[in-house]
Ligand code: TZP
Ligand code: MG
């Protein structure tokens, strides 16, 4: 995808699965969209997550909501699911299928890759990643096997070295610190609980959206 168009989409990237929600996931997503998210990732993993047909059914339901509002729908890890439902893209980590092989399978769909080092970033770029996910930026309890907190230094390093690839930060990002992530050079922020656990997903998304829009460069 065109990097500038993707940078716009990454501004407020909401990630969610059923086990991240206290309320009906379809409702949480609808409210988040109303609040102004720009991209959605279906991440159905971890304790208590849905499997097989139930996972598929929720993916279809959330995808339909995204389509109604022109929000691209990204699938975490599960390339088979992404292909089966014709998702708009996938996001993978270093432990998942190799970037090159995923790129071959998904054609020109959006491909995001989590990277933690310069070498990982360069390899992901060479293999066809459209954007980098960097994190955890701040402490988070949402991902149990998260790598050590990296702060803003890696975002700054990539930008200082002239890397133009779209970057989104993840991990512990909320209304208080989102603007720091943008200032460091990210194109957007991805959040799970700042929206999914908020009393109002609408208000949380609206506030975060304002923070990221204010950083138009
Ligand atoms: N990858 C790195 S941190 C993280 C993922 C999926 C979890 C982010 O969740 P939260 O609730 O926004 O901190
Ligand atoms: Mg993964």
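Glycine is treated like the rest: Cβ placed from N, Cα and C.
All annotation found in TrEMBL is predicted automatically rather than curated by experts.
Computed from a predicted structure; not experimentally measured.
Straight from TrEMBL, the features:
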- 12-195: domain 'Thiamine phosphate synthase/TenI' (DOMAIN)
- 41, 42, 43, 44, 45, 76, 114, 143: 4-amino-2-methyl-5-(diphosphooxymethyl)pyrimidine binding site (BINDING)
- 77, 96: Mg(2+) binding site (BINDING)
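Straight-line distance linking the Cα atoms of residue 96 (Mg(2+) binding site) and residue 43 (4-amino-2-methyl-5-(diphosphooxymethyl)pyrimidine binding site), rounded to a whole number, equals 14 Å. Around residue 43 (4-amino-2-methyl-5-(diphosphooxymethyl)pyrimidine binding site), the same-chain residues six or more apart in sequence whose CB sits under 8 Å from its CB are 15, 16, 17, 20, 76, 77, 91, 192, listed in sequence order.
All protein chains included, residue 76 (4-amino-2-methyl-5-(diphosphooxymethyl)pyrimidine binding site) registers 21 other Cβ atoms within 10 Å of its own Cβ. Among the binding-site residues listed (41, 44, 96, 143), 96 have a CB atom closer than 6 Å to some atom of ligand 2, in sequence order. Between the binding-site residues 44, 77, 96, 44 has the most other Cβ atoms inside 10 Å of its own Cβ, all protein chains included. Listed in sequence order, 16, 17, 58, 59, 62, 63, 73, 74, 75, 76, 87 are the same-chain residues at least 6 apart in sequence whose CB falls under 8 Å from the CB of residue 42 (4-amino-2-methyl-5-(diphosphooxymethyl)pyrimidine binding site).
Around residue 41 (4-amino-2-methyl-5-(diphosphooxymethyl)pyrimidine binding site), a 10 Å sphere centred on its CB holds 23 further CB atoms from the protein chains shown. For ligand 1, the neighbouring binding-site residues among 41, 45, 76, 96, 143 are 143, by Cβ distance under 6 Å.
Its Cβ taken as reference, residue 114 (4-amino-2-methyl-5-(diphosphooxymethyl)pyrimidine binding site) is surrounded by 21 other Cβ atoms within 10 Å in the chains shown. Remark: residue 143 (4-amino-2-methyl-5-(diphosphooxymethyl)pyrimidine binding site) has 46, 136, 171 as non-local neighbours, by Cβ distance under 8 Å and separation of at least 6 in sequence. Annotation for residue 45 (4-amino-2-methyl-5-(diphosphooxymethyl)pyrimidine binding site): same-chain Cβ neighbours under 8 Å, separated by at least 6 residues, are 17, 76, 77.
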